[in-house]
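Asks: Would you mind keeping the following structure in view while I ask a few things?
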Amino acid sequence: MALTVKEKKNVEVVVPQPRQKHVIQGEPTVAYETRDLNLWYGKDHALKNINLSIYEKEVTAIIGPSGCGKSTYLKTLNRMVELVPSVRISGNISYRGRNILDKSFQVEELRTRVGMVFQKPNPFPKSIFDNVAYGPRIHGIRNKKILSEIVERSLRGAAIWDEVKDRLHENAYGLSGGQQQRLCIARCLAIEPDVILMDEPTSALDPKSTLKIEELIQELKKEYSIIIVTHNMQQAARISDKTAFFLNGEVVEYDSTDIIFSNPSDKRTEDYITGRFG
């Protein structure tokens, strides 16, 4: 539901309120359905016939050795991969029943529904408050009270509010690496996405900060669908519900994380997770 706020000059701004989250009963709901997805960088065939169903309110881990297509696949889910001039894509990626590769699907709409957290924390050279308020402002929200509510809610959602509530107007660069990454997660939450993509979100962090992010992911999956690329096998086993193993641009195996790590059906999966290669 939206709240209409009258600002100066009697201009009405429609402020998005947190969308009601529904408990999924019975069969899980599909967030993304990827069918026969192929992707080329020039002549390099980077993704080959990818078929995956990714479910809502779960953590899905994408694992595999460097260069296997993990991050490329992740970036197809919000069409960031299209920023590469030589890229060519075929197949279908359905998000909640709509093909996001259809040119009629507006990228701006997609990216308000699908947030992304990158490998290295990338706060803007602004205050902590302005980092989180940036997205809502882009979408037309100017009312200070509403912005303050969004900022607090997002920082609480990213489990960093208590650490920064007295320094909201300090530069975000003054935060530690782990705090910066949680700030970036808060910035992502501020636009109320349905899906959060995470590309190696803890690889640049120390073990203590990594643990905080992992605990946060477990909380966030109650409200959001999370897809995480990771090289860390132990991390994938700890935090994910399902795991897809990529190799040479193909999905070798996709199943519940318990099965992937305890009883994989493909020897290549077993060899990878036990460290025989990769």
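Every residue gets a Cβ built from N, Cα and C, even glycine.
For GLY64, PRO65, SER66, GLY67, CYS68, GLY69, LYS70, SER71, the entry in Swiss-Prot reads ATP binding site. What Swiss-Prot records for 32-273 is domain 'ABC transporter', and it gives sequence analysis as the kind of evidence.
Just tell me what is around each of these and how deep it sits.
Replies: Within the same chain, the residues at least 6 positions away from LYS70 (ATP binding site) whose Cβ sits under 8 Å from its Cβ are ILE62, ILE63, GLY64, VAL229, PHE246, listed in sequence order.
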Asks: When the pLDDT values for the domain 'ABC transporter' (32-273) are averaged, what is the result?
Replies: 96
